[in-house]
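S.K.: What follows is a structure written as structure tokens; I'll ask about it next.
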Amino acid sequence: MDKMNNAFEKMKLLVGIEVEDEQEQPAIEDGNSFSFMDDFNPQCTLTTKQRFYGFAICLAAGLTCTFLSILVFFHPIKFGITFTFGNLLALGSTAFLIGPKRQVSMMLDPVRIYATAIYLASMIVALFCAFYVRNKLLTLLAIILEFGALVWYSLSYIPFARSMVSKIMVSCFDTEF
């Protein structure tokens, strides 16, 4: 059991969670807080094991939805719904590891604010096209936009990845015939 606890402690340090006593509840700040996330975070009192299980289950469900969406690829409306739902689950899974407040603050970081906005907007557009417009071509175009936004958003978490991909794309399209 000690090996398991040590493994969880190492996992905490790896993903950036502060190592603290699991029996200890987070302190609630004094004063009036008008931020939703400040009010919400003290209510999230999951243990490290529960956070890891929540992350694993949510990520597995998200990846399953994303991969199952391939089965309905030729039905763009169903594909758009399952693909987007899978992306939402996978995105939400990291909130189990680092907490919802830190997740939102990382998403709204100036480095990735535009990538986040485009990614979330593309998910909304894909769901709108699938549920309300019900046009297969528009839904498919929205899913292509969503996939591109997902890649760009994911690259924002890897240092220098977006600049490297930008330089590669420029060099590919900058060739003279």
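Yeah, the Cβs are placed from backbone N, Cα and C, and that goes for glycine too.
TrEMBL entries are annotated by machine, without manual review.
According to TrEMBL, the protein has these features:
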type	residues	note
TRANSMEM	52-74	transmembrane segment
TRANSMEM	80-99	transmembrane segment
TRANSMEM	111-133	transmembrane segment
TRANSMEM	139-160	transmembrane segment
S.K.: Which sequence positions outside the transmembrane segment (80-99), separated from its termini by at least 6 residues, show Cβ-Cβ distances below 8 Å to it?
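M.R.: For the transmembrane segment (80-99), the nonlocal Cβ contacts are 15-17, 41, 44, 46, 51-52, 54-56, 58-59, 61-69, 72, 106, 123, 126-127, 129-131, 139-140, 142-143, 146, 150.
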S.K.: I need to check the long-range neighbours of the transmembrane segment (111-133): which residues 6 or more away from its ends have a CB within less than 8 Å of a CB in the stretch?
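M.R.: Distal contacts: 76-78, 80-81, 83-84, 87-88, 139, 141-143, 145-146, 148-150, 152-153, 155-157, 162.
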S.K.: Counting only residues 6 or more past its boundaries, what in the same chain has a CB within less than 8 Å of a CB in the transmembrane segment (139-160)?
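M.R.: Hits for the transmembrane segment (139-160): 76-77, 79-80, 83-84, 87, 111-112, 115-116, 118-119, 121-123, 125-126, 128-130, 133.
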